[in-house]
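**Q** Got a structure here, written out as structure tokens. Questions coming.
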Amino acid sequence: MSMDIIKGNLDGISKPASSSRSRPGSRSSNGSLEVLSPEPGPVKIDMVNKLNSGKEGHTSDSRVEERRKISDDEWADNPRSTEPAQESSDEDSNLSQPQGTPEHSDDPKLEGTDAVLQNAIHKMHRLDKILAKRRIREKEIKKQGLEMRIKLWEELKSAKNTEDLENDEELENTKKFLYLTSKSAGTAAEPLHCKFEDDLFSVFHTQIPQETYENHTEKDFTCDVEKNGPLIKTEKQPFSNTEAIEPRSEHSQVFIIRNAEHSQDFIKRNIELAKSSRSPVVMVEGEKKRLDELLKGLEDTDSGLSSSEGDQCAWLVPGEGYTLAATESQQLAEIDIKLQELSVDSPAVFSLESQSNKGDMEHDSNEERNTEPTPGEKILRDNKEQRDRESRLRAIDGKLKEINEQVEECPVITPGKRNERITWRWLLAKILEPECKV
């Protein structure tokens, strides 16, 4: 910014005009004005002009113009009151004052802003130190809370094991608390709960660092709160409201690790369930063999049932299964003869005798062949043998009772070796008599 400094005699001039100025270097008489070249301003003014905005430059220009108008008005009112030298000195001082005022008016502003910034920086450092102390204190309190919860968990487990509780209500409440806590948060003695923020590690290589993690986990933390609400409640119980304001950065990674381990356990459990999906019932080796034998027998019976009625005895092993007694076979043969006599018109009559003869022939032809009986046939045969033994024992008991009654009715026999032999022979004959008849 340049400015022309006017110097000369102002006699006879009523009002100065901007067009009355002459070019630099021109000279005039006493009534003329002389325009001098502008003096170089100090370096500080240029620096201030660079730092100040365009608005400050505009205000400085307006101030200079206002002062020039005021000086012109004063000269118009009192044209002869001042001397040229005094006028020039006053004008120089008036013109130099607006150039010097920015230096004096702006430097205190800059110094004031610098002082404000320095105070703000010092205050920030002081608050950072206070915040660091508070965070350290919060970590210590949370560590103490975790230790107290672990101790409480151990005491409850020991009380549950030793049954030292006073009444049934306390025992029931303790069981419920242990069940809910173990279901939501797992065992408190796990090393996972003893880890703190300093011991945490990143799960993924793209994970945000721990310093800037708090600003990026608000949304993830809300999801973790919904999934692990009981765990957060148990974590917040030992702390006050002011201490529980910032649990995000410390517990969010714990939740991530817990969810990762839970997903791995879920995958392992699914693999184990898929392995045993085809065998819903756990069986021992002996039970499996027995089941295979029974299934084999069922397959044989199914194949036999699918055959025709004429081949009913073809799938039976000879000599096994239900066999008729001699008296029953004779009675059935007599019934068959009577049916044949009565039903002459019927073309097809079932002949049991022919089937029994056929079975006997097959049994004679296959005597040398040793076949393993099926489980069902073996059970039927064992049951038949047991029934036969029981019937024989009952018959023997009845005969013995009859013999005892007959012995009581017989006359007294003198003792002797010959009489004893006769008595025993007679008893044995009585016992074996019904078997011989059969």
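Every residue number used here counts from 1 along the chain in the order it is shown.
Keep in mind that glycine also has a Cβ here, set from the backbone N, Cα and C atoms.
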**Q** Candidates are S22, S62, S88; I want to know which one Swiss-Prot annotates as phosphoserine.
**A** S88
**Q** So one of S14, S32, S71 should carry the feature phosphoserine according to Swiss-Prot; which one?
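**A** S71, according to Swiss-Prot.
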**Q** Which one of S89, S96, S365 shows up in Swiss-Prot with the note phosphoserine?
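**A** With Swiss-Prot as the source, phosphoserine is noted for S89.
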**Q** In Swiss-Prot, which of 104-130, 131-157, 293-319 is tagged coiled coil?
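**A** From Swiss-Prot, the annotated coiled coil range turns out to be 131-157.
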